[in-house]
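Inspection log for the structure reproduced underneath, given as structure tokens.
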Amino acid sequence: MARSHRRIMPVALAAAAALTLTACGGGGNFGGDDDTGGDGEAEEGPIVIGAVLDITGVGANLGVPEQNTLQMLADQLNAEGGINGREVELIIKDNQSTEDGAARATTELIQNDDVDLIIGASRTGPSLAMRPIVESEQIPNISIAANAAIVEGSDWVFKTAQNDVVVIQSIIDNMAEKGYKTVALARDATGFGEGIAEMITEVGAEQGIELIATESFEPSATDFTAQMTNIRNAEADANIIWGITPSAGLAQAAYVQLGIDAPVYQSHGVANDAFFEAAGDAADGVLAPMGRLLVADQLPDDDPQLPVIDQFVADYTEEFGTPPSSFAGHAYDAWKIAVIALEEAGTDADALRDAIENVSGFVGISGVFEMSPENHSGLDSSALIMAEAGDGRWNLAE
Amino acid sequence: MTAQKTALPAAQKRAPRILQNALVQWIGVAALVVALIVFPLVASPTLMNIGVFALIYALPAIGLSLLMGLAGQVSLGQASFFAISAYAHAMLITRTPIPEVLAAVLAVGVSMLIALLVGWPLLRLRGHFLALATLGLGFIVYIVARESDFTNRTLGISGIQRPEVFGMEIGNNGLFFYFVAPFVVIGLILALNLTRSRAGRALSAVNDSELAAESLGVGTYSLRLKVFVLSAAFAGLGGVFYAYHVRIVTPEIGEFHLSVEFLLMVVLGGLGSVWGAVAGSFIVELLRDGLRAIIPTIIPGATGEVQLIGYGLVLVLVIILLPGGFVGVVQIITRWVRRMLGKGPSTTARSAKLQGASDQTPTGAFSAAIAEEEAQRIDSAVEQAAANLPEMPTPVATGETVLRLEGLTKRYGGVVAVDNVTFDVPAGRITGLIGPNGAGKTTCFNMISGAIAPTSGTVSFLGREVQGRKPNVAASAGLTRTFQNLQVFGSTDVLGNVYMGRYRNGRAGVLRGMLGMQGAEQRRHRDVARDILDALNLGDVADLPAGDLPFGRQRMMEVCRALALEPTLLLLDEPMAGLSGAEREVLAELLRRLRDAGLTVLLVEHDVAQVMALADQVAVLDDGDLIAIGTPEEVQANPKVIAAYLGTEEDEAEQVLEGVAAVDAVRSDDPKEDDDA
Amino acid sequence: MLEVKDLDAGYGALRVLHSVSLNVAAGEVVAVVGSNGAGKTTLLRAVNGIVAPTAGGVEIDGHDVTGKPTEKMAKFGMTHVPENRLCFPSLTVKDNLDLGGWSRRGKLDLDPVLELFPRLKPRLQQVCGTLSGGEQQMVSIGRGLMADPKVILLDEPSVGLAPKVVSEIMTVMTRLAERGLAVLLVEQNVRASFKIADRAVVMQRGRVVLEGKPSELVERPEVRAAYLGGAAAA
Amino acid sequence: MLVDFLQLTVAGLSQGSVYALLAVGLIATYTVRHVINIAQGDFAMLAGLGAVSMVAGGVPLLLAVIFAIIGVTVASVIMERLIISRVKNLTTLVSIILTLGVSTLIQACMLLAWGAEGRRLPTFPGSDINVAGISIRSQELWMLGALLVVGGGILLFYEKTKFGKALRAVAEQPVAARIVGISPVVASIVAFAIAGFAGGVSGVVAAPLYLATWSAGLLLGLKGFVAAVLGGLVSFRAAIIGALVLGVLEQYVAGYIDGGFKDAVAFLVLILVLIIRPQGLVLRQSAVRV
């Protein structure tokens with residue numbers, strides 16, 4: 001009766017070893033690399049577009065309007081007869097605002113749903129988690145997150161949100177115009193605020209503007225006295241608060257509270273109404289570069305984006321009862337770019353990718369896109385206008 | 001208890017039970033292996049996704065379940081070790097030329113090191129402190145990862161290549177599943193081994209009664225620390241796989257919510273059960289997907305983090321309604337099915353056995369005369385005790401000092417509980433320590449056993465000062481004790497309790513325990529434990545849960561447990577309390593024979609007559625002072641003692657001494673009766 | 001006043017009380033004596049509901065209070081002075097006494113207690129944890145009396161106290177009985193308790209083995225045996 | 001420089017006063033029930049969001065605030081009755097896991113009811129002041145005032161009222177407290193009511209400045225908890241002082257070191273205190289200290 005559990009280990013080890021060696025074979029789970037290059041076999045039947053969005057979790061306020069937008073556009077497209085007569089099937093996956101969720105959703109879309117193209121994710125982290133998967137599986141991916149690192153050097157990933165550097169360019173240009181020489185920055189400690197100081201230093205150098213102080217704040221922070229006190233002491237000609245609501249709004253309130261009277265610029269992260277809830281009266285006079293969506297009613301009549309934006313705002317508002325956010329706009333642009341490329345190239349992955357790279361002159365919500373093999377972002381600073389906060393809304397700055 | 005049964009050799013009785021245990025585990029592991037092999041072949045990609053992450057998360061969950069089950073501690077920062085290792089691995093393989101296997105080992109090592117640094121000061125503390133500190137650790141790891149350039153701030157570490165095994169890239173979910181599965185299976189086996197090993201049993205004993213475990217030589221602190229570090233290692237291994245699979249490591253993976261998810265896995269699966277942790281990780285991953293699909297259909301228009309509702313509800317309901325978790329439910333079902341089929345150890349048979357056991361030990365047979373049968377039973381019990389007594393080694397010659405108390409003093413605030421007590425306990429003798437309530441006996445006793453530290457004075461055991469050290473220090477040197485308020489290890493059976501007494505005689509540590517390389521040692525100790533139980537007439541209940549025994553037999557079991565340690569000095573804390581007359585006699589006779597076999601006994605007892613009849617030397621405490629020491633006769637004649645006991649002045653006591661000759665007569669009869677018995 | 005009938009109680013596997021019956025009339029002091037482990041403390045706990053009785057009954061003044069929760073007992077007119085002087089250490093003497101009257105409505109009068117324990121009067125504002133052992137015991141008893149009970153259970157009030165304090169407390173017992181209380185006193189100090197008790201009950205191993213007047217009992221060898229050893233009576 | 005220092009101190013004290021109120025609630029439940037209530041901060045957020053909604057619905061600010069506080073007090077008692085009291089063998093560890101579940105549940109409900117965006121309650125009446133370059137927002141004075149009134153009130157309650165003393169009695173000697181007739185059930189309910197009340201107050205006074213968000217409660221509650229640990233989980237006074245120190249310390253770290261590390265301060269303090277002085281800032285141990 002000496003036999004006992006202790007003997008199990010070696011046996012299990014052997015079993016496990018055998019298991020690893022004999023792997024492969026049936027099931028849909030070993031599709032992997034040999035099944036790449038899109039599916040040349042399926043030039044008919046429905047076109048499948050996948051989307052990976054931050055529908056729940058910290059990115060929910062981004063992901064939900066994006067989800068709405070994609071669903072609405074897909075319905076519209078199918079009502080009009082699809083792409084080249086082929087129906088479009090949209091499969092939206094929630095990544096729960098996590099990297100592993102994004103990786104999971106992406107794998108599933110590719111292996112289970114055999115998608116032709118993937119839109120998403122909403123934020124930088126999850127987008128970066130998707131990148132190695134879409135690259136090794138060779139599936140075109142249009143991200144709707146901001147960070148330039150998402151597309152840098154990638155053959156398969158594109159994005160529709162403005163690059164941060166474009167936003168900074170826009171701010172610095174505006175500052176140079178007004179003759180400011182020094183600037184101080186308070187940025188949030190998330191991926192959104194990552195690398196901003198370096199970009200300001202770099203872009204500012206071209207215009208003779210120097211970054212003299214950098215402060216950071218946590219996205220969950222509620223009190224900004226410390227950061228704003230330091231900003232006050234820096235005595236820069238102008239200051240930049242770089243963050244998303246509500247923290248950027250609370251920081252703005254603290255800025256005004258501490259009696260700093262230098263002009264303040266914020267980022268496109270505050271291009272929403274929640275900013276006014278958080279900042280209150282302190283919002284007045286804040287300058288922020290952003291897409292044209294929020295100030296569409298003030299655009300000159302000859303603005304090429306005006307009809308596109310008007311149509312989208314009208315459709316979205318009718319469907320969901322609220323006006324779309326700029327994140328919805330990013331999703332809109334991603335969808336439209338995908339459709340243009342699919343119409344042109346069909347569902348062959350390589351052709352599709354090339355077609356996206358060749359999208360040119362597309363007038364979207366965030367700007368006019370000029371994609372190229374070198375530039376997978378396609379927007380320059382002309383996509384942005386400078387808005388000024390006043391009376392609880394964003395207005396076109398003079 | 002029948003004579004036939006006790007006559008059987010121990011090994012034959014043990015066989016079926018051990019076989020059954022091993023068999024169940026064999027079957028379980030085999031079933032798991034088969035399930036893991038088949039799963040990728042049949043699962044849909046959605047299920048596959050769930051499966052891969054469930055496997056990755058099963059590792060930290062196993063670690064956490066060990067921590068909760070064995071060390072009785074909760075970590076609210078398990079994700080931080082997961083993250084530390086994931087980061088370390090990611091950085092090592094993307095930034096250095098270190099081979100990947102070495103990187104993985106180093107990464108796990110970093111997790112363990114951090115756990116060691118955190119656990120080292122904190123595990124000395126009791127209860128919830130570790131939970132709180134690990135909660136803090138989780139936030140700190142998250143913030144440091146987010147804020148430092150070294151970890152590339154919020155962008156995290158990306159560019160991790162897929163692993164290769166024998167030149168084959170683990171390039172898809174199916175292969176990755178097979179890549180992780182062996183580690184989970186091995187981890188599970190190691191963890192299961194550990195729970196049954198010397199260290200594992202010691203830790204569950206600590207959870208049942210820390211006091212008792214330490215009195216048997218278990219170094220609670222160092223074992224707990226080892227398990228904590230081990231649990232971090234499991235978390236770390238999970239982190240390595242996470243880094244491989246998701247190929248980006250960002251600060252979010254150290255966040256609190258992931259720690260909560262690990263906790264949820266353990267709680268849902270079944271607290272403290274290693275199998276439960278694996279089951280829990282699959283359940284939680286399924287819930288995670290399932291809830292997102294289900295809840296919006298229940299609450300229309302619900303977006304946002306609605307699965308939180310499910311998590312919250314499930315967590316609360318499980319704790320309130322199903323504290324045993326998934327494993328608990330499975331156990332209930334199996335028991336139910338067995339009863340339906342009329343198979344397995346029927347509860348009626350068991351309760352009959354118990355009933356029988358308690359019939360034989362009337363705990364309250366005070367006024368009733370002991371039945372004829374009962375008398376015979378005691379007779380045979382004592383006989384048996386004499387026959388099979390274990391060897392009692394005496395490191396010093398009979399009569400020489402084994403234990404020396406010098407100037408032992410304990411103050412609580414202004415109150416002096418024990419005041420400058422000095423006496424010796426000679427080898428091979430029974431020394432009684434008596435005194436009225438509140439005299440300081442228990443305090444004195446606790447200072448000797450190490451349960452409390454003296455304010456001043458020394459306790460020397462075999463020439464070595466042990467005062468103020470944890471009880472396990474003295475226990476490892478051969479000093480152990482029993483408890484007035486029983487300290488039974490309720491989570492194991494009677495044999496398991498006595499087996500714990502062998503702890504000091506064992507060698508195998510956590511590592512050997514996990515590797516299952518202590519079989520022979522365990523078996524040998526088990527045999528000894530079995531023999532001792534047989535010798536003390538508890539062989540028939542060896543396989544019953546210890547908590548099910550009647551009080552008297554639990555006390556005997558404690559004595560067995562203490563004897564299993566092969567002590568040089570046995571401290572008995574009111575061993576007679578709660579015993580029936582018959583049981584007292586058996587115990588007294590046993591102690592006498594143990595003394596004759598060379599054992600030294602120090603006994604605190606209220607039953608003064610019993611002490612007088614039993615002890616070779618009696619020390620009397622009153623109000624913290626040692627008022628008398630000597631042979632029973634000397635002490636009985638001491639007016640101070642009488643005064644102390646009857647609460648009178650000494651002069652009155654003199655009268656009492658003269659007046660109550662009748663009582664003396666009764667008392668002097670006692671030993672005779674005992675001898676007759 | 002207090003009637004205990006065939007009470008059984010225990011903890012888990014350990015059955016401590018075996019069919020214990022006793023009664024205490026108003027104005028009477030009944031002492032329960034017996035060695036440690038005889039079940040005296042458990043008896044008081046079971047009577048007062050801290051340990052749930054498994055069988056038998058407890059009546060106060062004819063009202064059945066068996067198994068009622070402890071916190072209700074004060075309302076029924078029973079109080080309990082637990083062993084080890086469990087006063088509330090961070091509260092002042094006065095607060096301790098005030099809380100003793102928790103279950104009573106209307107204005108509390110400390111005078112009856114202070115009259116019994118004049119030593120407490122100058123210490124009313126002192127925090128209980130800083131008092132001497134004897135004084136803490138007085139606070140504990142005084143706190144019990146504040147509920148204006150009909151029955152008072154006392155668990156080893158003399159443990160660890162100087163002989164002088166013991167006799168002081170024993171005197172108080174007599175005076176309580178004179179005030180019409182039923183006093184059930186568990187004591188290890190046989191002499192002290194027998195001096196004041198009207199009747200005594202000897203317990204051994206969870207059973208009442210003897211009952212009678214202290215003057216008679218003191219002659220019985222079993223009583224001494226109850227303290228100096230159980231085997232003598234076995 | 002001195003101005004900056006004082007400015008940071010003011011901000012730290014007002015932030016600390018919110019932690020202090022939460023800590024007071026945590027100690028109330030810990031002393032009587034040995035429950036560590038992870039959901040404490042979520043109750044604060046619930047009060048804040050509730051008040052925001054009522055104000056939006058036309059209820060005057062004062063009434064909205066009072067209703068919100070009462071509502072959360074009731075919710076805390078409901079949690080005690082419905083969940084905490086249902087668990088047999090409730091240890092502190094189990095209470096942590098259990099209230100974690102409750103916290104998750106409350107967060108989810110807030111998310112469903114109010115959405116993900118932070119909501120601002122109108123600032124309480126009063127005007128901001130500026131003394132020698134130090135700017136003090138009127139709401140900060142309200143926060144400090146709330147601590148003074150509510151924290152002080154709870155201290156007085158425990159110190160002066162019979163019921164408060166009864167709660168201390170239960171915490172110190174549960175059995176003796178039962179003997180004098182204090183119901184442990186009632187004591188537990190009262191303790192949770194106090195916790196809910198203090199949490200509710202902290203939520204409504206902070207909401208005009210810090211916004212009320214579904215997800216912010218956990219961290220806030222944990223900070224309050226760190227303060228409670230500084231009070232050894234038994235001393236109200238030490239916890240309040242600890243909370244204020246923590247608030248100020250966070251500001252100094254944000255101001256003089258790096259804002260991104262602000263949240264780490266609390267947890268570093270937590271670990272250090274647990275390692276060096278687990279009994280907190282309390283000098284003498286007892287079951288409860290006011």
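Note: Cβ is positioned from N, Cα and C throughout, glycine not excepted.
Predicted automatically and left uncurated, TrEMBL annotations should be read as such.
Feature annotation from TrEMBL assigns transmembrane segment to B:23-42 (among others). A Cβ distance under 8 Å defines the sequence-distant neighbours of the transmembrane segment (B:23-42), meaning residues of its chain 6+ beyond its ends; these are 48, 51, 173-174, 177-178, 181, 184-185, 188-189, 192, 275, 278.
Residues annotated as transmembrane segment in TrEMBL: B:48-67 (among others). Counting only same-chain residues 6+ beyond the ends of the transmembrane segment (B:48-67), those with a CB under 8 A from a CB of the stretch are 39-40, 73-75, 78-79, 81-82, 173-174, 176-177, 180-181, 183-184, 187-188, 191, 194-195, 227-228, 230-235, 237-239, 241-242, 245, 261-263, 265-266, 269, 271-274, 276-278, 280-282, 284-286, 288-289.
The feature transmembrane segment is assigned by TrEMBL to B:74-95 (among others).
Look at TrEMBL and you will find B:101-122 (among others) tagged as transmembrane segment. Tertiary proximity for the transmembrane segment (B:101-122) is limited to same-chain residues at least six positions away from its ends with a CB under 8 Å from its CB atoms, namely 80-82, 84-89, 92-93, 129-130, 133-134, 137, 224-225, 228-233, 235-237, 239-240.
The transmembrane segment annotation in TrEMBL covers B:129-145 (among others). Remote same-chain partners of the transmembrane segment (B:129-145), defined as residues 6 or more beyond its termini with a Cβ less than 8 Å from a stretch Cβ, comprise 73-80, 83-84, 87, 114, 118-119, 122-123, 151, 156, 228, 250-252, 254-256, 259.
Look at TrEMBL and you will find B:175-194 (among others) tagged as transmembrane segment.
TrEMBL lists B:225-244 (among others) with the feature transmembrane segment.
Per TrEMBL, transmembrane segment is recorded for B:264-287 (among others). Within the same chain, residues 28, 32, 50-51, 53-55, 57-58, 61-62, 64-66, 68-70, 184, 188, 191-192, 195, 307, 310-311, 314-315, 318-319, 323-328, 330 sit at least 6 positions outside the transmembrane segment (B:264-287) and bring their C-beta atoms closer than 8 Å to a C-beta of that stretch.
Residues 260, 264, 266-271, 273, 275-276, 279-280, 283, 287, 291, 294-295 of the same chain sit 6 or more residues outside the transmembrane segment (B:308-333) yet have a Cβ under 8 Å from a Cβ within it. Sequence annotations record features per position, and here TrEMBL assigns transmembrane segment to B:308-333 (among others).
Summarising the annotation, TrEMBL assigns domain 'ABC transporter' to B:403-648.
Away from its own ends, the transmembrane segment (B:225-244) comes close to residues 55-60, 62-64, 66-67, 70-71, 73, 75, 78-79, 81-87, 89-90, 104, 107-112, 114-116, 119-120, 123, 130, 157, 160, 162-163, 170, 176, 179-180, 183, 187, 191, 194, 199, 203, 253, 262, 509-510, 514 of its chain (Cβ-Cβ under 8 Å, at least six residues beyond either end).
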